[in-house]
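Database features, via TrEMBL:
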TRANSMEM  B:6-31  transmembrane segment
TRANSMEM  B:69-91  transmembrane segment
TRANSMEM  B:111-134  transmembrane segment
TRANSMEM  B:141-161  transmembrane segment
TRANSMEM  B:173-196  transmembrane segment
TRANSMEM  B:228-248  transmembrane segment
TRANSMEM  B:254-272  transmembrane segment
TRANSMEM  B:284-305  transmembrane segment
Amino acid sequence: MDLTGLILRVTAGRPHVLLATVPGGAAVRLAAERLLRARDWPQASTPAKADLLLVAGPDLPELRTALERLWRDMPAPRARVHARTPDEVEAALDSGRALLGSPAVQRESAAPPGEAVGHREGEHGAQERHEGDDQAPGHDGDGGGEGEAGRAGDAHGGPDGEHAPHDAGQDTEAEHGDGRQAPDGQVPDGQAPDGHGDHGDNGNHGDHGGHGGHGDHGGHGGHGGHGGGQTDMPGGLPMAEPGADRDGLTLDRLHLPLGPFLADWPAGLTVRLVLQGDVVQRVDVDEPARPSDDAAVEAFWVQPWLRAASGEPVTVGEAVRRRAAAHLDSLGRLLAVAGWPAEAVRAGRLRDDLLSGAPRAAVAPRLERLTRRVGRSRTLAWLTRGIGVVTAQKAREAGAGGPAARADGDVTARYRQWLADIRHDLPRLEDPAPLDVAVEDSPRGPWSAEAPPSAALIALLPPLLEGAELAAARLVVASLDPDPEELVSRGVVEVARG
Amino acid sequence: MVEAGAWWTLLAAPGLLVVLAALAVAGNAVLDARDAGRPVGVAGAVRPFLGVPRALVAQPRRLPAQDRLLWRTGVVTVPVAAVLSTLVVPFGGRVVADPSVGVVWFNAMEVLTWAGLWLAGWGPNAAFSLIGGYRFLAQGLAYELPLMFALISAATGAESLRVGDIAAAQDGLWYAVWMPVAFAAYLAGVLAFSFLGPFAYPAGRDLAGGVLGEVSGADRLLLQAGRWLWLASGAAMAVPLFLGGGAGPGLPSWAWSLVKTLLVLGLLVWVLRRLPVVRADRYVEFAWVVLIPLTIAQALVPALVNLGR
């Protein structure tokens, strides 16, 4: 009797799904979230707890390595499916469940090639692991720490250098938490941390918020020849370098990329952080990944504006509905980041009902309730007060004009602004007048293909994040909620090319 | 008075704890289903338990340069400490052991989770996990002292650290009634050491799961079980400490214990859904400026009452 097989079949009925949304996949993500909620398939926030990887959106070659890394980090039994359009989601999820329940998944992580619906991805588990071994030093997620040797050295020479000896104890602690990544098999004797650092940088391409680092967790990873540099590089991983921090201490620098597939994070946005402790010291924002054939993506949240701009007839009601749903989507994400999953789910439901055309009478009482619970929550306001202050003037200078500018304040002011905007929009959900792009703002600000509002929001990020704690940094990003899709959308790309 | 030491209680106590924890998980799942607009029913309530066999067949993770020994130690410590803590919690008229320092034993087991969670965050050698471990220490600095003063208030009221004595001393008037601050601080402490709901900061979703971010399979099951076991254990301990133990009219004492425990557990599950995660940087300030003075003042009340007697 095959007990394992039986368990797999039974438990495949409730897989934990890791939803990886690529830019252009917002509509697919919404369809998937709606379906997962209805089926009670929990969403996983890391590969470690996921059984099923669902890639939502078009193929983006730039993000393929990052997706591979997610897949490699998932423990077997696992399966992987891809939905390119919202209509494919249901079939993709069904085939994912079938894969997870199949006997094949016992021996290998199941991702058999499939031509059928759902575009299952084809690599075989064993082959994957070989690939992993070959590229070992490269797929190391946070490896950037090692590439920092030069800069860290500067910091030592700097005014804070004298602090270094006092902090030795702290350093050793932090070092272990930091120097991780590549399996050691590939490190030749005496290879300088420099060279390794380069690899680290390669590996940095947006792993799942720092979870890319586990090359060999598959259980068969190459623990090959341990190099001579063993003492300097535990597990073949170079140590982090210390640097001066804002409080005049010398702490280790932790290089942590956030995105592009982090849960509750703008899809495709990659922000590279240098952390000391959990305080952000430096911020670099990557260019968003672009689809190989431009003009393939139509940004979902600004779709009515794009269509109206290209001359199609669009009603104000449709645009307003989309905008209210976009605010609810942002709010749900902020609530998830703030650690309030129960209300995040409610915001998501309201969003989906709005998008499926629910009349105002059905939406209004539930919005009222959400405003009462969330908008007037003193606890949430206390937790978000004073974080990420953007004055109206600062926002205007950056070119942002939407709710972020009108809120004129901190995270609290911004989520309250969203709620106020939705309330304001409710009476016009059925407005049949034609949409004038110049009059109605798109969800994140006045729409312009030359300067999409999300570009301004992204430009606001680095100064806001520097000096913030990691938890606060996540709240700031969620409260501005830039949409990288706008930057790679049809229309915008064409304008950029002239 | 409670009767201690019967051999079968050694099996019954962990069994009962697991049942209570499972009830809490099921209750939470039902509320989840209601919020998500799914049909509310038994099927939805038991679905989370599909994760148990799933975890047992999942592949364990191995990370580069992990500290396997400490990682596993930490992961195992959390649920084991939760089970050990119940050894001194009387249920009706029965308890596994009723030592003269029962309250201290409970508190010591709870502090073990500090070490356990910290090691669980440290072991995998991953940034988010490590930060999650640190977060629990920061949270611990905030909740632990108010919790200890709450425990001390109850012990001072009964002039004993023996849990059985504390339950017996509340003859007629529950400590929850005339020590409401201690009771509230204790309940907040329970949520904090089970790192659930408003105190899920170490396992925050903004950290992609924090201390839970890298564990899979049986390890994950143990840590998750540890959270709910601690919630159940904390709820069970609230009954002898603040709600008069098994005392009550009509029903046998075990029934009263069960009813009170379930009520406290239900209250905790409801609260953990009603609040967002309280970040430790804000909570530490609140705890030290407001909660600690309040709980000290609260501990003073039974002390003065006893002096005056």
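Each residue, glycine too, has its Cβ placed from N, Cα and C.
Curation does not apply to TrEMBL; its annotations are automatic.
On a predicted model such as this, the values are computed, not experimentally measured, just so you know.
Across B:6-31, B:111-134, B:254-272, B:284-305, stretch B:254-272 shows the highest tally of CB pairs under 8 A with the transmembrane segment (B:228-248). B:254-272 is the stretch from B:6-31, B:69-91, B:111-134, B:254-272 with the greatest number of Cβ pairs below 8 Å to the transmembrane segment (B:173-196). The list of residues near the transmembrane segment (B:111-134) in space but at least 6 beyond its ends in sequence, with Cβ under 8 angstroms from a Cβ of it, reads 61, 63-68, 70-78, 81-82, 140, 144, 193, 195, 202-204, 207-215, 223, 226, 230. Tertiary neighbourhood of the transmembrane segment (B:6-31): same-chain residues 40, 44-49, 82-83, 86-87, 89, 91, 94-96, 225, 228-229, 231-233, 235-236, 261-262, 265-266, 268-270, 272-273, selected by CB-CB distance under 8 Å and a gap of 6+ residues from either end.
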